[in-house]
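Below is one structure, written out as structure tokens; comments come after it.
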């Protein structure tokens, strides 16, 4: 264990008590069973190797972190003009599942792709004759980012079913958007794809590698091959910076200052930048105890302290 990894272990120990101040996402029944005090962090370095601490081998579902990745996928498939004709790019102070801004905005398109309405609109763009084919296309894209076979990128069927059966508000968002011409197709099929997308299983190393791809402007850290076009990376990082942490995005930008995306499983993906001594790196964090805004309470603190101690200025 090197000095940096020792420091990372101390940081996890320092932040783990914060888990007692949060609670797991019990409104999704299958997520309610996760231990509250888990906390782990992996950092993918410029050469593709990792340092890590805590509960990094614990598997969890990607949840809303997938919103940044489906946005990448549809931008690569259809281009920004089409995608942003259906969804905006402005932050909102409302909760991630709010319908309020849809009713107030003309035309009635979601304000950004990181809230549920926007993410559902993005998922509805994925092509395929069936829901399984659509989720396969997304799994294939994710497999490319992770340097794995598509068969190794799986979703938790129990979590997907649990979310599918308790997602009336998302259905309402879709019906509203379909009425206004923002989305097309069968609502239940879109929900099926969306819940399976959110139920894909990953760990801290996977998140950190994806963050490293973003930090390297879309290049594979092992081969240098372009996995995501630089322009798409820039767009998605900008939207993660302004909208990625639900209605705590502004606070996260001030306290941490990195592009990031969280999920209600306790996942946080963050992208290193030039202000860090740890430049050109990706961060993957897992801490299922959430704060009132749906972000990992200990994970947010861990990132804040990590950045505070490793900034170059």
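One-based numbering along the chain as shown.
Every residue, even glycine, has its Cβ placed from backbone N, Cα and C.
Swiss-Prot lists 64, 116, 163, 170, 194, 264 as substrate-binding residues, and of the candidates 18, 136, 246, 310 the one it assigns to that same site is 246.
All protein chains considered, the CB of residue 264 (substrate binding site) has 22 other CB atoms within 10 Å. Within 10 Å of the C-beta of residue 116 (substrate binding site) we count 21 further C-beta atoms, all protein chains included.
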